[in-house]
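According to TrEMBL, the protein carries these features:
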- 116-137: transmembrane segment (TRANSMEM)
- 187-210: transmembrane segment (TRANSMEM)
- 222-239: transmembrane segment (TRANSMEM)
- 260-277: transmembrane segment (TRANSMEM)
- 289-306: transmembrane segment (TRANSMEM)
- 327-346: transmembrane segment (TRANSMEM)
- 410-432: transmembrane segment (TRANSMEM)
- 444-463: transmembrane segment (TRANSMEM)
- 475-497: transmembrane segment (TRANSMEM)
- 509-530: transmembrane segment (TRANSMEM)
- 542-562: transmembrane segment (TRANSMEM)
Amino acid sequence: MGFGFQNVGSFIRECNGTTLRYDQACLSILTDQEVTIWSQYAECDGCKLLPTATFPMSDPIIVRTSDTLLYALKNSSGIICKGSYQFGEYGQYVFNLTEGAKNKCLPRMTAEPDAAYLPILTTILILLSMATMWYVVKGIGKRVVAGRLYARFFAREDNELGSETRVLTEVSVVRPPVRSRLRSLDIFRGFAIALMIFVNAGGGGYSVFAHSTWNGLTVADVVFPWFAFTMGEALVLSLNTKLRTAMPRTTAFYQVVRRSLFLSLIGIVLGSANSTWTDVRLPGVLQRLAAMYLIVGALECALMRTTQNITPGRSLLRDIATGWQQWLATILLVAIQVCISLTVAAPGCPRGYSGPGGIHLSAAGNHSLKNCTGGIAGYIDRTLLGPAHLYRGGTFKELYRTVVPHDPEGILGVFSGVLVVQAGAHATRIMLAYNHARARIMRWVFWSIMFGVGGGALCMFSKNGGPVPINKNLWSVSYCLVTSSMAFFIQAVLYFIVDLKNKWGGRPLYYAGQNALFLYVGSELLKRHFPLHWYLEAPTHAQLLATHAGAMLIWLAVGVFLHRKRIFITL
């Protein structure tokens, strides 16, 4: 490998005969002595550096480009130098440790990397262009059709009557009543399910569309709680209608239980591919939704007020007055989750520990966290459900070298997750309690600020700081507060644009939101089948993004088809 800079990095896909994949680069060391590189990725919180390769005996090594690499170069005398570097995708790099070389601690680029995020911008522009073309064609089509209808039905009548009076003599057809819907809610739910389909398909291979390794927040991490938020909105909207039409509360509760049971069974079936009863995964996305839906639904069936306190009024605290009992029960459940997480220690683990275990914090000499993955929450799941019935994957397992399983949809997280569904329920209570759009929007924004500040304070507005870091794997309280804050704000914006100003119809997201559960189940069942999945031998971000966005668009088209046929599939 030469030292001259080559602006051909996007065409080099090899590292010593091995084909580079996306988010990978090639690193070699030129040295006249035996040198060992010790490395670790910055995402591994407090992890010690581990020996990676010894040169000149070793071949060039492949490094990840999605995270900053921490490294130290050592010879027989000790550490030569140490540092950190963010490598670029498909880039070729070399450490030159020979005599007379400059900047030995910084790798030299010998082939330029790709612009890894350029396909995202390209995809956004293409989707915006498609949306623009859709509205242009639709607008032209409406004008043409309207013109033809006028010429056919109205012009002849004007001529015969000798006036501008327009008479339409067609027999009117009685249409079946259409159930009124909160359009912004369907659009929000459709946006969440479309994003969920895209993320579950692979998200183009980008780390921003993948779940956080442990602490932190990515696009993939907010999709699930946003969907749970909309579920809480729809729950109160539906129950309010049923209870105001004299449906017994016991009947409404029976329907909530039945739907929760069906959701759980569907979730277990979806997670049972290539499994038997001895190792089938019991927790899951739909199972978590079912549990939270059951708890919040039971509270609403017992405590929802359908008399004067739920009708429009002027009280500044009417939204709180109509739901304080539900919030009291929710806060109690959240307090139970927090107290157990912070005060109960898993066997052999520190009290209050909620990290990934493995080599976490090993740089400080802490080697007792090997079996502490997830803290007490992980221990409860492994004890009550059994290790064989938990999720076997996880983005943290390879990085932290964990040895015990952990399920991100475990038991203890249900208690904190109720907060998200209850936040959605409160969003609808605000809408029912106030008939003025300004009052609704102001309160949604107010609660968005309160939840956001509360969640940020718990994590000290940092990734790994504070008593309760933002963590999707544990559904920490800070995570639930922050994602609910985002959901409140999105609901306020959509309501203003869609329901109040009528500036956007929300299509095709509006159609997808009407059959969100069906689209999710279908995407999970068929996400590994053609044409929703394409096998690519050496995929790039651009290829993956095209196939995963294509899968999302196909399911959106299914949503449009179901709407056109007036098919609404619910439990």
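Each residue's number is its place along the chain shown, starting with 1.
Note that Cβ sites are derived from N, Cα and C of the backbone, with glycine treated the same way.
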Remote residues contacting the transmembrane segment (509-530) - C-beta distance under 8 A, at least 6 residues beyond either end:
181, 183, 185-194, 196-197, 200-201, 227, 230, 266, 270, 551, 555-556, 558-560, 562-563, 567-571
The transmembrane segment (410-432): which same-chain residues, six or more beyond its ends, come within Cβ distance under 8 Å?
182, 225, 228-237, 240, 283, 288, 291-293, 295-296, 299-300, 310-311, 319, 322-323, 326-327, 330, 333-334, 336-338, 340-341, 374, 376-378, 380-381, 384-385, 390, 439-440, 443-444, 447, 451, 474-477, 479-481, 483-484, 487-488, 491
Near the transmembrane segment (222-239), which residues from the same chain, at least 6 beyond its ends, have a CB less than 8 A from one of its CBs?
182, 185, 188-189, 191-193, 195-196, 199, 252, 285, 288-289, 292-293, 296-297, 300-301, 304, 417, 420-429, 432, 472, 479-480, 483-484, 486-487, 490-491, 513, 516
Stretch in 187-210, 327-346, 444-463, 542-562 most in contact with the transmembrane segment (116-137), if contact is a CB pair under 8 A:
542-562
Closest-packing stretch to the transmembrane segment (187-210), where packing means Cβ pairs under 8 Å, from 327-346, 444-463, 542-562:
542-562
Which sequence-distant residues neighbour the transmembrane segment (542-562)? Criterion: at least 6 residues beyond either end, Cβ under 8 Å.
22, 119-120, 122-123, 127, 190, 194, 197-198, 201-206, 507-509, 511-515, 518-519, 522-523, 527, 531-534, 536, 568-569
